[in-house]
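Enquirer: Take a look at what Swiss-Prot says about it:
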- Val11, Asp32, Arg37, Tyr62, Gly76, Val77, Val115, Thr116, Asn117, Ser140: NAD(+) binding site (BINDING)
- Gln79, Arg85, Asn117, Pro118, Val119, Asp120, Asp145, Thr146, Ala147, Arg148, Thr226: substrate binding site (BINDING)
- Arg150, His165: beta-D-fructose 1,6-bisphosphate binding site (BINDING)
- His172: active site, proton acceptor (ACT_SITE)
- Tyr217: phosphotyrosine (MOD_RES)
Amino acid sequence: MKIGIVGLGRVGSSTAFALLMKGFAREMVLIDVDKKRAEGDALDLIHGTPFTRRANIYAGDYADLKGSDVVIVAAGVPQKPGETRLQLLGRNARVMKEIARNVSKYAPDSIVIVVTNPVDVLTYFFLKESGMDPRKVFGSGTVLDTARLRTLIAQHCGFSPRSVHVYVIGEHGDSEVPVWSGAMIGGIPLQNMCQICQKCDSKILENFAEKTKRAAYEIIERKGATHYAIALAVADIVESIFFDEKRVLTLSVYLEDYLGVKDLCISVPVTLGKHGVERILKLNLNEEELEAFRKSASILKNAINEITAEENKHQNTGG
């Protein structure tokens, strides 16, 4: 598998390392506006290949993406302490459009995973600018949020996170929606399990949801950025592609019409295999969850409209 990574900040470089450890890539091209940074990362990773599976890793340009099976986009300006993901939109949209033009030119048949925040909006801009197959362009979405929530529940209840089944959908950010109505542990509905183990109630579950939502902010306050967990999440996404696992993951995908949400990239459960997104699964949400999901979609739609209006303004004024 040939993998291209655009953007070698902490997320991009951590992702490259995670992929090397997984052993998927026979070839990995690293692209960054700071060519020396990309060269340094390539050398550092190459020196680790005696301890991993052999891989050809090098710094390159967009033209070197030719023949890539997967392209991971992690380029963008970093999130500041206290800054919401949506506030990042204006500073990253133009960067994403430029990347989209280059990826579609040199690797039009690749599967593209957008990681840069705000991931839902930037995935939408990438898709529209590139004109690529919507099944092959998606964002990392709420894969990490889902993992965080499962971990919190598992730690509290004394189970493995792998035995906890609950999804976080919607925006990867402040308006994300935990789907409690479909949550299960070992095949037992979470509400029933709570009655059995008597370790939690609705307030504790709400606290878990809030902790999941605030997790990135908490980490950023302490160390400036999140990068290890998201890198592992992206490597997990690539694993599903590489092995054609057809796993169900909450990715930010383009929706033509999903529970009333149209023309938007937002996280919902999908099956992912070697050809990209194969199926979009419609959840049976309760009224409260459906309302929250549509509200989340509305927030993202407004953000897209705002940045589009600003772009048009710049073009009309020659800015």
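Every residue gets a Cβ built from N, Cα and C, even glycine.
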Enquirer: Identify, among the binding-site residues Val11, Val119, Ala147, the residue whose Cβ has the fewest other Cβ atoms within 10 Å in this structure.
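Expert: Candidates: the binding-site residues Val11, Val119, Ala147. Fewest Cβ atoms within 10 Å: Ala147.
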Enquirer: Write down the Cα-Cα distance for Tyr217 (phosphotyrosine) and Arg150 (beta-D-fructose 1,6-bisphosphate binding site), rounded and given in Å.
Expert: 19
Enquirer: Here are some binding-site residues: Gly76, Val115. Which one has the most Cβ atoms within 10 Å of its Cβ?
Expert: Val115
Enquirer: Fill in the CA-CA distance, Val11 (NAD(+) binding site) to the residue listed as 'active site, proton acceptor', as an integer in Å.
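Expert: Each residue's Cα considered, Val11 (NAD(+) binding site) and the residue listed as 'active site, proton acceptor' end up 16 Å apart.
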Enquirer: What is the one among the recorded positions Gln79, Asp145, Arg150, His165, Tyr217 whose Cβ has the most other Cβ atoms less than or equal to 10 Å away?
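Expert: Output for this query is Asp145.
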Enquirer: Hey, how far is Gly76 (NAD(+) binding site) from the residue listed as 'phosphotyrosine', Cα to Cα, in Å?
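Expert: Gly76 (NAD(+) binding site) to the residue listed as 'phosphotyrosine', Cα-Cα distance: 18 Å.
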Enquirer: For Arg37, His172, listed as recorded positions, tell me which one has the smallest number of other Cβ atoms within 10 Å.
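Expert: The recorded positions Arg37, His172 were compared, and Arg37 has the fewest Cβ atoms within 10 Å.
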Enquirer: Relative to the Cβ of Thr226 (substrate binding site), which residues of the same chain, six or more apart in sequence, are found under 8 Å away?
Expert: Val11, Ala215, Ala216, Ile219, Ile220
Enquirer: Given the residue listed as 'phosphotyrosine' and Val115 (NAD(+) binding site), what distance in Å do their CA atoms have, once rounded to a whole number?
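Expert: Cα to Cα, the residue listed as 'phosphotyrosine' and Val115 (NAD(+) binding site) are separated by 17 Å.
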Enquirer: Could you state the whole-number distance in Å separating the C-alpha atoms of His165 (beta-D-fructose 1,6-bisphosphate binding site) and Ala147 (substrate binding site)?
Expert: 10
